[in-house]
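As structure tokens, the structure follows; a few thoughts come after it.
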Amino acid sequence: NAKKEQRDIKVTRSGRTEMISIYDVLAGDIIHMEPGDIIPVDGIFVDGSDVKCDESSATGESDAMRKTPGAAVMKALESGQPAKNLDPFVISGAKVLEGVGTFMATSVGEHSSFGQIMMSVRVEIEATPLQEKLGKLAMAIAYLGTTAAGILFFALLFRFVIGISGDTRSASAKGSAFMDILIVAVTIIVVAVPEGLPLAVTLALAFATTKMLKENNLVRILRACETMGNATAICSDKTGTLTTNRMTVVAGTFGTTRFDRADSANSDKDQTISAWASRVSLAAKQLLIQSIAINSTAFEGQEDGKPVFVGSKTETALLELAKDHLGLVSLSETRGNENVAQSFPFDSAKKCMGAVVKLLNGRYRLVVKGASETLLDRASNIADFETLEAQLLSEEHRQVLTDTIKAYGNRSLRTIGLVYRDFTEWPPDKETLPDGSSVDFVSLLRDLTFFGLVGIQDPVRPGVPEAVRKAQKAGVTVRMVTGDNMQTARAIATECLIYTEGGLVMEGPDFRCLSTEQLDEMLPRLQVLARSSPEDKRILVTRLKALGEIVAVTGDGTNDAPALKAANVGFSMVSGTEVAKEASSIILMDDNFSSIITALMWGRAVNDAVQKFLQFQITVNITAVVLAFVTAVYDDEMKPVLRAVQLLWVNLIMDTFAALALATDPPTEKILDRPPQGKGPLITTTMWKQITGQNIYKITVIFVLYFAGGDILGYDLSDPNKQLELDTVIFNSFVWMQIFNIFNNRR
């Protein structure tokens, strides 16, 4: 990875400018920035010309952040001027979009923000529930096997020592007899230990991961597969995972006019919007196109040879509305025909974006779109949608719009508000930043004229409610973690069957303020976490694990990495950042929640395969050890009914093929009809009943053949050849009983 990331950058050190490796940068170096550069360290912006950075890889927000020199920010602070929106900090992992400049490195390596994120995902690997259980079982088997071998060795040695005084054999024959005793004891230990178990586990995991890849689960960490089988909680994102991320405008309110496709039959939905659009004046359409097409970062592209809009799904939904119903023909031509004085990119803190257009009468119009409740709070006027005349926004109008926003939210619609403000000149007087470089967007967001509100639908993915129902039936609690407001989050969670009666919906700011005791008391009822941040997700995962839950979590941003790594199983999206993928255990190739349920099924199949093999293996081992022990003590020559070579053959050959047979069973829907078994014993009561019954049956059959086989089969055991035939019958009977037992264990 270090070799892959290696690149040289231009720095000034000790008055000399040179190219050095990003791994050789020191705090205090002056680093030169150019468009396209990836920032390797944290620092303070020193000087430059209109430098803007994309910090989405570090913050998760697709903002173009404009950088202000540190000296200008200090000057503003010292003079008491507003400096809240001035950003002198350069963050590692960011990409320079435009402008050139320099910054001074302040934090490098693991001390930088990017380095701290990477260090936070380097946590000690925890043993999985299956590994812990297998470890305990292996210790118990080793102890019992060693004890049985020790008892047998000393019992046979005692007989050997007692009989040695009257033994007329040569010294070499006596030594050979002693070695036979030792070999039998060692064989008991070898047989007691289930050597085929690691093979069965590896085969089950390898088979499962291969099949999971075909079902859109790319397993990066093998142990995550069986861990997922014991999951008790899933914390899922909303957009793109529970929903399709294909947004469509379905409702709108503009002055006294409105449209709502929910009011019409399916065949009349488009006609509903078309009928509304036919009543809209030309001036109103032009204002809408300015707000939607000019105030946008989306662009025209092609997909499968068809023209499509590429960009934010919210913006493309609005552009589709403009294209289908408002007369937008070509996005590039529309933008080329407008005189755009300035653009303000989307700001996650203000939750809006804007553009300034020069009108034909020489005036300037600022058009803004963003979170409807935020823009409504900043609006003081409302436009008549037919005449575009502004009038004072009364409390009655404000309440009607507020109720509409809530109504849209309760229908799972994302609400976008459209406002504007006119200016006689640009830039307006006294509206520039303290450094005098550009207009302060925040100061412009006042005295706005509200003229429209749209509701955008992001449909729930087909199959998600059924997948959630399956998870709940399997005893797995599904929680939704989203950045949407509470009304929208609750509505979508209800549609997905995540939110149920008695469940709790909470917003991130309130969640963060809870104490550990309050969290532990509230978490069992929490079903939806709205307005949440990646840190909220990490806290949620950490507390659930502390309560003994086995947690799976989804994430796609760099700032989701700590939560992905903290979870028992982290699912990243194929469309997510590289850091998120590196921190995850499994990558969802289709970003679909239903694929998580597929992983749950395969994880349980792995655990079932291990249990099936254990049931078979322990039955074989107990039978073999008991037979060897009893017959060796009983036999005059102290030889067991199953010779050492035969026992080793059974232990190695049969176990291998049994592992192949039992470790490759695919899961069925019935596997979700039971709760997680993470805290339960590896060998269940039902398994012990099966093991005990099979052992009694096999030991009885072999003992009958051993002690009475000659009489039953009519063999003269004084003839060595007949004794060999009986031994062969006993061995084959033992082997065939094991083969039939494989079929019993697959049930």
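Each Cβ is built from the backbone N, Cα and C atoms, and glycine gets one as well.
Across all of the domain 'P-type ATPase A' (6-121), the predicted model scores a mean pLDDT of 84. Marked as domain 'P-type ATPase A' by TrEMBL: 6-121.
As annotated by TrEMBL, transmembrane segment applies to 140-162 (among others).
The feature transmembrane segment is assigned by TrEMBL to 182-208 (among others).
Per TrEMBL, the feature transmembrane segment maps to 613-634 (among others). Counting only same-chain residues 6+ beyond the ends of the transmembrane segment (613-634), those with a CB under 8 A from a CB of the stretch are 137, 141, 145, 148, 151-152, 155-156, 159, 184, 187-188, 191-192, 194, 196-197, 200, 640-642, 647, 650-651, 654-655, 658-659, 662-663, 682-683, 687, 690-691, 694-695, 698-699, 702-703, 706, 734, 738, 741-742, 745.
Summarising the annotation, TrEMBL assigns domain 'Cation-transporting P-type ATPase C-terminal' to 641-747.
Summarising the annotation, TrEMBL assigns transmembrane segment to 646-664 (among others). Using a Cβ-Cβ cut-off under 8 Å and counting only residues 6 or more beyond its ends in the same chain, the transmembrane segment (646-664) has close neighbours at 187, 190-191, 194-196, 199-201, 203-204, 207, 609-610, 612-613, 616-617, 620, 624, 628, 640, 731, 734-735, 738-739, 742, 745-746.
Per TrEMBL, transmembrane segment is recorded for 696-714 (among others).
Feature annotation from TrEMBL assigns transmembrane segment to 726-743 (among others). Beyond the transmembrane segment (726-743), the same-chain residues lying 6 or more positions past its ends with a Cβ under 8 Å from any Cβ of the stretch are 616, 619-620, 623-624, 627, 641-642, 646, 650, 654, 658, 661-662, 694, 697-698, 701-702, 705-706, 709-710, 713, 715, 717.
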Inset, instruction - Would you mind listing the long-range same-chain contacts of the transmembrane segment (140-162), meaning Cβ under 8 Å and 6+ residues beyond its ends? - result: 177-178, 181-182, 184-186, 188-189, 191-194, 621, 625, 628-629, 632-633, 638
Legend entry - Residue counts (helix, strand, coil, in that order) that DSSP gives for the domain 'Cation-transporting P-type ATPase C-terminal' (641-747): 78 helix, 0 strand, 29 coil
Legend entry - Secondary structure content, the domain 'P-type ATPase A' (6-121) (per DSSP, counts of residues): 28 helix, 48 strand, 40 coil
